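**Student:** Pulled these features from TrEMBL for this protein:
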{"type": "REPEAT", "residues": "47-79", "note": "repeat 'ANK'"}
{"type": "REPEAT", "residues": "80-112", "note": "repeat 'ANK'"}
{"type": "REPEAT", "residues": "148-180", "note": "repeat 'ANK'"}
{"type": "REPEAT", "residues": "220-240", "note": "repeat 'ANK'"}
{"type": "REPEAT", "residues": "254-286", "note": "repeat 'ANK'"}
{"type": "REPEAT", "residues": "288-320", "note": "repeat 'ANK'"}
{"type": "REPEAT", "residues": "356-388", "note": "repeat 'ANK'"}
{"type": "REPEAT", "residues": "389-421", "note": "repeat 'ANK'"}
{"type": "REPEAT", "residues": "422-454", "note": "repeat 'ANK'"}
{"type": "REPEAT", "residues": "455-487", "note": "repeat 'ANK'"}
{"type": "REPEAT", "residues": "488-520", "note": "repeat 'ANK'"}
Amino acid sequence: MNRSENLFFPGSSLASQVHAAAINGDKGALHKLIIGNSALKDKEDQFGRTPLMYCVLADRLDCADTLLKAGADVNKTDHSQRTALHLAAQKGNYRFMKLLLTRRANWMQKDLEEMTPLHLTTRHKSPKCLALLLKFMAPGEVDTQDKNKQTALHWSAYYNNPEHVKLLIKHDSNIGIPDVEGKIPLHWAANHKDPSAVHTVRCILDAAPTESLLNWQDYEGRTPLHFAVADGNVTVVDVLTSYESCNITSYDNLFRTPLHWAALLGHAQIVHLLLERNKSGTIPSDSQGATPLHYAAQSNFAETVKVFLKHPSVKDDSDLEGRTSFMWAAGKGSDDVLRTMLSLKSDTDINMADKYGGTALHAAALSGHVSTVRLLLENNAQVDATDVMKHTPLFRACEMGHKDVIQTLIKGGARVDLVDQDGHSLLHWAALGGNADVCQILIENKINPNVQDYAGRTPLQCTAYGGYINCMAVLMENNADPNIQDKEGRTALHWSCNNGYLDAIKLLLDFAAFPNQMENNEERYTPLDYALLGERHEVIQFMLEHGALSIAAIQDIAAFKIQAVYKGYKVRKAFRDRKNLLMKHEQLRKDAAAKLVLDLLTLEPITVTPTHGKELQ
């Protein structure tokens, strides 16, 4: 195979010499090859492509004519089910299409994507190929749909080819056929950033400027106006909204109107246009109660917000959570918007609270926007405003570990000695989040590291629950006591054992945590019991190696000691009883002996009378 055979398809090898002749336009060689072997005229390469298809791809019209005269199959398909006519339509080659159509090429043949040559002609700016095909098509064939249920009219609108649209509509193409996403051609025409798309839009609307067409919603609830707004195409938006029947406040499936989309994307000019043409007089809100102003504010689109605030129908209404657009802006750190709102609305209540008591300063502190916090404090935001949980903005900053915000709030006069509704201090919240640096800052600001909440828990217990060893180390290095018990009798070691944090357990024991502290309740569980209940095998082994006992073991030891004491008592008591008995017996013996002696000493002389009358002296 010569070198020229690889010029058209770099990196691939052609199937045969007949393909090479077709590509190179060597009509003589091609004719000779197919005369010698007629089967070569339809020979396929590795992709199923015939020499005729190669002629189309290389624009070799004479060679194609030679093949067709030799009987080449004009409708033979490659592995993607495309014919030579598909390829000619894709390339926009009018001469080839004309040649193939005169040879009875099937214009209704579908490829694997179910696209016909008609679909493929829509991608070219010139409508000549499309017009040629339409001459051959019967009524109804013009709306043949591809795999995505799209007609040639959909594709013409997608490619922004107004002349194609006119031709198709002239041939009775249906402008109201929805594709697989529920979109009609007008959706695709409106979904363009190019201002020239307005011509395609006008072509469709001029054919049928009906209310149903203008406000047709796809399966996501989006109208053509939604798409034009999303692309920021002011010209198309202007045309669509110029129709009286265009519904400017139509909701999509997320309950957002085109005005929400314009605000979210910062299209100030479109926002102005939609506000001016909104005949309802009200600003719609979405399913969360958020207005378009909320979305513009959170995205820091100051110019867009300015357009909203200057319109008489716009107010800073609250969403369903009671949050205004000012609060949304604060939560996102949208400083430009905040300055705009403060300058344009003198009645802005900077300390307004949502339904949970949170203010703009709470939102900024929670999100960690230090510049926003400074801006709000400079405009007299209450630094210690409390929400329903008695949390000040400083609580939220401590929870999230925003050091710069914490220091800014403290410098701004925030109190560090407050507790929330559960008795949690700032240090508790910092510890819960494992924020070691924040804990150090708070301790330096005179917060007691052993402060207890209403349940008796210390910050060390809170951070031990999460296994935050850096935070635990900071607390214990600042004299946090690892052996303080809460009201249930639990220590920090209980919580670390419960959750299986071996490194935390090692650290606690290094700081002299007592391993066998028992709860105050009926179970009297020790830290080891917590590890056993949670099946923390590594922790169990480590604790046992360091003298830890379960409550059952403690009870067994206690019982053994009690038994030992009781047995010793019985032996000693028996000995005492026996000793007393012996002593009493000895005393009785002594008493009996003494009495005998006494009796002998006090006896009178005894006279004995002899039986023979003689007296014994």
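Quick reminder: no glycine exception, Cβ is built from N, Cα and C everywhere.
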**Student:** May I ask for the residues of the chain that lie six or more residues beyond the repeat 'ANK' (356-388) and have a Cβ under 8 Å from a Cβ within it?
**Tutor:** 321-323, 326-335, 338-339, 342, 350, 394, 396-397, 399-400, 402, 404-405, 408-409, 412-415, 418
**Student:** Residue list, the repeat 'ANK' (80-112) vs rest of chain: Cβ under 8 Å, 6 or more residues beyond ends.
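**Tutor:** Here the qualifying positions are 47-48, 50, 52-53, 55-57, 59, 61, 64-65, 68, 74, 118, 120-121, 123-124, 126, 128-129, 132-133, 136-137, 141, 144, 146.
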**Student:** Report, as numbers and ranges, every residue of the chain located at least six residues beyond the repeat 'ANK' (254-286) whose Cβ falls under 8 Å of a Cβ in that stretch; write 'none' if there are none.
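**Tutor:** Sequence-distant neighbours of the repeat 'ANK' (254-286): 221, 223, 225-226, 228-230, 232, 234, 237-238, 241, 248, 292-296, 299, 301, 303-304, 306-308, 311, 313-315, 317, 319.
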**Student:** Pull the DSSP breakdown for the repeat 'ANK' (455-487) and write it out as helix, strand, coil residue counts.
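**Tutor:** Here the numbers are 17 helix, 0 strand, 16 coil.
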**Student:** When you scan the chain for residues with a C-beta under 8 Å from the repeat 'ANK' (488-520), skipping those not six or more beyond its ends, what do you find?
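**Tutor:** Cβ under 8 Å, 6 or more out: 455-456, 458, 460-461, 464-469, 472-473, 476, 482, 526-528, 530-531, 533-534, 536, 538-539, 542-543, 546-549, 551, 554.
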**Student:** Residue list, the repeat 'ANK' (288-320) vs rest of chain: Cβ under 8 Å, 6 or more residues beyond ends.
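**Tutor:** Contacts with the repeat 'ANK' (288-320): 257, 259-260, 262-264, 266-268, 271-272, 275, 278, 281-282, 326, 328-329, 331-337, 339-341, 344-345, 348, 354.
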**Student:** Determine which residues of the chain contact the repeat 'ANK' (422-454) at the Cβ level, with the cut-off under 8 Å and only residues 6 or more beyond its ends counted.
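**Tutor:** Long-range Cβ neighbours of the repeat 'ANK' (422-454): 394-395, 398-401, 403, 406-407, 410, 416, 460, 462-463, 465-466, 468, 470-471, 473-475, 478-481, 484, 486.
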**Student:** Can you check how the pLDDT averages out over the repeat 'ANK' (148-180)?
**Tutor:** 97
**Student:** Counting each residue once, how many in the repeat 'ANK' (254-286) are helix, strand and coil under DSSP?
**Tutor:** 17 helix, 0 strand, 16 coil
